[in-house]
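Copied from Swiss-Prot, the annotated features are:
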DOMAIN    3-246  domain 'ABC transporter'
BINDING   GLY40, HIS41, THR42, GLY43, SER44, GLY45, LYS46, SER47  ATP binding site
Amino acid sequence: MDISFKNVSYIYQENTPFEHRAIEDLSFTIGSGSIVAIIGHTGSGKSTLIQHLNGLTIPSRGEVRVGDFVLNQDGKPKDIRNLRSKVGVVFQYPEHQLFEETVQKDIAFGPQNFGVNEQEIKERIASILPSVGLSDSVLERSPFDLSGGQKRRVAIAGVLAMKPQVLVLDEPTAGLDPRGQKEMMTMFDHIHHEQNLTTIFVTHNMEDALKYADKVIILNKGQKFMEGKPLEVLRQREKLQQVQLDTPEVIDFIDKYNHRFHDNLIYQNESIVDIAAEMKRRLDGGQHE
């Protein structure tokens, strides 16, 4: 689904002494099937932005379009329920939202509330489990008896059981160790391509934005600060420093190598291990002193 924000502002407690502009005059487009990273510090407007995508928040000014759905200051569209079935949101620490007696009931909760029949729900669960790295042996277990990582995967399965066309991820790797972060992002990348989704993820991890996103949008104090292809945006060190953000470590690594050895090695979405191997090959080949 195509997504667009046109001059969108959201004002908390408007016309009161506590008025606060969470986002201001945001305009951008997200093409169907793309992966977009939203980056910014706490208070930059990231969470408010993504809450507009399924109508949890309605613009104070401007217009949001998600496919054929339109959200503006006139209020929520009449078919808001349909919109929410098509936009799946995985909030931070989604495992905290588990509540049913069994894993199966938790995953089935959303589809049941949207009138999906039992047979269809069973088929959806069976197809989703491998995608999130779970086996059917967990279905009759209490979600509260699972490990933290398994709980998160169950919560994600519950969102995917709705068969969304848009997947919104709010800090999907929060609280995970480096290995868990890598596994989680690899899983989402696979799901994105397997199900042909439009995916938006909020992140503080510049490496993930560089590796997985087709587009990066950086927010600062509720306004769009930068937008573009990841490599073009995330290598602009001086501009990023204006909003207390750093370039990805892999870009720093390549830039320092190129400066030291007068080379022109270019980042092409390789791992740091592969890049180091290429550097060694060049140096061993005597290309540089």
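Just so it is clear, glycine is given a Cβ too, placed from its N, Cα and C backbone atoms.
Overlay of Swiss-Prot feature records on the structure.
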| residue | record | Cβ neighbours (10 Å) |
| --- | --- | --- |
| GLY40 | ATP binding site | 24 |
| HIS41 | ATP binding site | 14 |
| THR42 | ATP binding site | 7 |
| GLY43 | ATP binding site | 14 |
| SER44 | ATP binding site | 22 |
| GLY45 | ATP binding site | 21 |
| LYS46 | ATP binding site | 24 |
| SER47 | ATP binding site | 20 |
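According to its DSSP assignment, SER47 (ATP binding site) is helical.
Note: the ATP site is recorded as GLY40, HIS41, THR42, GLY43, SER44, GLY45, LYS46, SER47; in the same chain, LEU219 also have Cβ atoms within 8 Å of that site's Cβ centroid. In three-state terms derived from DSSP, THR42 (ATP binding site) belongs to neither a helical nor a strand segment and is classed as coil.
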